[in-house]
Amino acid sequence: MSGVSEPLSRVKLGTLRRPEGPAEPMVVVPVDVEKEDVRILKVCFYSNSFNPGKNFKLVKCTVQTEIREIITSILLSGRIGPNIRLAECYGLRLKHMKSDEIHWLHPQMTVGEVQDKYECLHVEAEWRYDLQIRYLPEDFMESLKEDRTTLLYFYQQLRNDYMQRYASKVSEGMALQLGCLELRRFFKDMPHNALDKKSNFELLEKEVGLDLFFPKQMQENLKPKQFRKMIQQTFQQYASLREEECVMKFFNTLAGFANIDQETYRCELIQGWNITVDLVIGPKGIRQLTSQDAKPTCLAEFKQIRSIRCLPLEEGQAVLQLGIEGAPQALSIKTSSLAEAENMADLIDGYCRLQGEHQGSLIIHPRKDGEKRNSLPQIPMLNLEARRSHLSESCSIESDIYAEIPDETLRRPGGPQYGIAREDVVLNRILGEGFFGEVYEGVYTNHKGEKINVAVKTCKKDCTLDNKEKFMSEAVIMKNLDHPHIVKLIGIIEEEPTWIIMELYPYGELGHYLERNKNSLKVLTLVLYSLQICKAMAYLESINCVHRDIAVRNILVASPECVKLGDFGLSRYIEDEDYYKASVTRLPIKWMSPESINFRRFTTASDVWMFAVCMWEILSFGKQPFFWLENKDVIGVLEKGDRLPKPDLCPPVLYTLMTRCWDYDPSDRPRFTELVCSLSDVYQMEKDIAMEQERNARYRTPKILEPTAFQEPPPKPSRPKYRPPPQTNLLAPKLQFQVPEGLCASSPTLTSPMEYPSPVNSLHTPPLHRHNVFKRHSMREEDFIQPSSREEAQQLWEAEKVKMRQILDKQQKQMVEDYQWLRQEEKSLDPMVYMNDKSPLTPEKEVGYLEFTGPPQKPPRLGAQSIQPTANLDRTDDLVYLNVMELVRAVLELKNELCQLPPEGYVVVVKNVGLTLRKLIGSVDDLLPSLPSSSRTEIEGTQKLLNKDLAELINKMRLAQQNAVTSLSEECKRQMLTASHTLAVDAKNLLDAVDQAKVLANLAHPPAE
């Protein structure tokens, strides 16, 4: 390939034609450029070709090459089609394949800037450059008719988005229409009745595939014959359409379901207060949508925009400011991330170039430090007398030399006014006494004449100026807060005596409410309270505010289903630093994190610690944390690694979440946004459990007494084994899934050799078929004895009956002998050998037995975990033992079903394991008071270990879901199985610890003979 004669930056973006001759245009690379600065970008685009090699183009460029030069190079190459008239509609998208992270690249960006800003965030091979049509003319359907290449490219792009995002959501009728339109367009030369022939339709199914045209879900829901007939009938409606007509019909049909010519962003408009809206950006301008049923409201047209600016905020958020002609102030839009703001800025700037008269960019980039020093903000022009009055008011009482110059830019005249008249508030009874003064119940009459029940915090008259400022600091913070689970501030009276008026909640403090109603409150409600407070803390986290006093005494109950966080007396903003260092003041030591106790350092991470302690209070029905310790001893306990014990009713998953919040390293604690998601999952799980229990109680079926289930005799030791062909396994040769031998030894019916192969010979399991096990000889017709009379027939029937009774007696006797042999061998054999015995339960032939001379030799096990057999005790009414059995069954079910389940189905089997573990720990907690105190430490430690095992299993499950479509899928599944096996082993260890404690307490009994 050779370069064009002049740089592509000089080529006008008008009608682009492919140059004459075989040469293909490329970005010009100067001769003196070093090799390190030269790059080859692989840019993908859409086409009709099934050949992946024709759907991308390699572009050679340098780090100084601009994105618009790369776009122009592809359009000039003719790879997507000839005679492109609407080159301004195209843009370049950078997409991360694993996380779906998207960055729209501005035409003026250079390759080096893209590399430094975006590509360095992930591995280079995980990024993909896509050529997309992003900016559409106002009447795009008519405009695209003049540019056939752009029309077909936009159709391919839109159809690709439809198959990936909308195909499974539209109705069957619409999916059928859109699929037949593509079928007609794709096979434009096919006769209208071609699909009526069965051979043609089968050729379409086998050679091309219906997945290219119709969603897979639709094909699975319909019968093949019915689906074929529907396609034939619908295709007849579009058989006479030409290619362009099919495209236009596709646009019009899909437009009834999705917006094909605009992009929608969920963001907040900053207009004195924040309004959450859907911002719609398309050819008609920038519009806002407050609800799905409402009509969009126009905020600005692209011709009115004069500047675009992106400003980063804390916690990854950003503000997009649009300077609009004739508007007194910029339109400010708050987004969840800087990348989203930049994508919106590129979209708006592209439409301004397309519809405006200028070709330049309206985006104003942040200035460098040197530029900032050369430009100072304008001095505010205030009235001289006003400035003098401010200076006189701000003078210090003790000095006439220093004065504070007020910052006029911080004044917000448009904000809500919280000053109210004292005569509008009537005080009633005293609710309690705080650090600064009494708290009263009262009634406030607003300007509309409405009476509102309020709580009034008062400040003592003899309070010092410093304490008064601390008292008022709570109101200063609360007036900026607006959240459904944060106490609402009504107003402030700053004159002496100072009052802070807040909403009154009739149920009072959460701590007292929990104590009064602990017999009626359910775990589901307690988890709901924790979730609501977590949402409030996530809101405080988003505005860089630390609370520093999260406890049930500072939470008010608005209703039995709603709580609100209050008491912001210790709250502080952390704007300049990421932490707040407290001065000498009274602090809640038993709720605080180690770094807060040691260094008076308060961050969002320390609030996470306190929130977990508050959750512990809620699940303990208002008990004070570390009530058995004095304040001075708390830090020593925390430094040793001890934490608050699990409350009795606390779900294991929730306690695991608490322990994560109590990590000594603040950086390892989860953020509140993550905790909201985790608590939502726990709440949904508890809700499902409650609904299931209610359903079982409502529709409980009567118990039916059934006879004891017949169990087949266990395999005898002398039966020979065979070696069939190897059996494939999800675990692969690298990972062997082991069932604890002790569990199998103490419960032979837990797992049968036929169903769960052991790791020793799981690759050599004999195929066991029911028709082979219970095989009997057939008889010819002449073998039957023909009775000559009715009496003879009766005698033959009696003889057959006696014979069958003898056979049954013999089998029953053998079964008793086999059972006695099994109980004897359990004591001498290694339990794993019994579990791994793969001999069939009943051989095909009862001959050829080898003489039994002793127990079979234990096969070698490399790297297996040594597990002692479980104690041989009486397991009647032993709930711990039964729950351990259930847990192992749940783990085995996970192991067997993991390879068949889709990624979203992993949650079901893991949830089953979690629920079973919860029952196990609950049964241990019920038994714990009757066990010796010397054994409780080991049992509680094993319980904590099981909670950590479950958390690890959940983490591995999420990892497996994230990598379901990558090459790491099998490895993640193996890690998930390893975590589940560890959980089963630790459950067996818990059973052993409980058995030992029961023996010490004389609660264990040998099994009855």
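Note that Cβ sites are derived from N, Cα and C of the backbone, with glycine treated the same way.
In Swiss-Prot, the feature phosphoserine is attached to one residue out of S752, S839, namely S839. Looking up S47, S399, S583 in Swiss-Prot for phosphoserine, the annotated residue turns out to be S399.
Cβ environment of Y505 (ATP binding site): V487, L556, V557, A558, K564 lie under 8 Å away, each six or more residues apart in the same chain. Within the same chain, residues at least 6 positions away in sequence whose Cβ sits under 8 Å from that of G437 (ATP binding site) are K457, T458, C459, K460, C463, P497. In the shown protein chains, 17 other C-beta atoms lie within 10 A of the C-beta of S361 (phosphoserine). It is 20 Å from the Cα atom of L431 (ATP binding site) to that of D549 (active site, proton acceptor). S361 (phosphoserine) sits 49 Å from D549 (active site, proton acceptor), taking the CA atoms of both as reference points.
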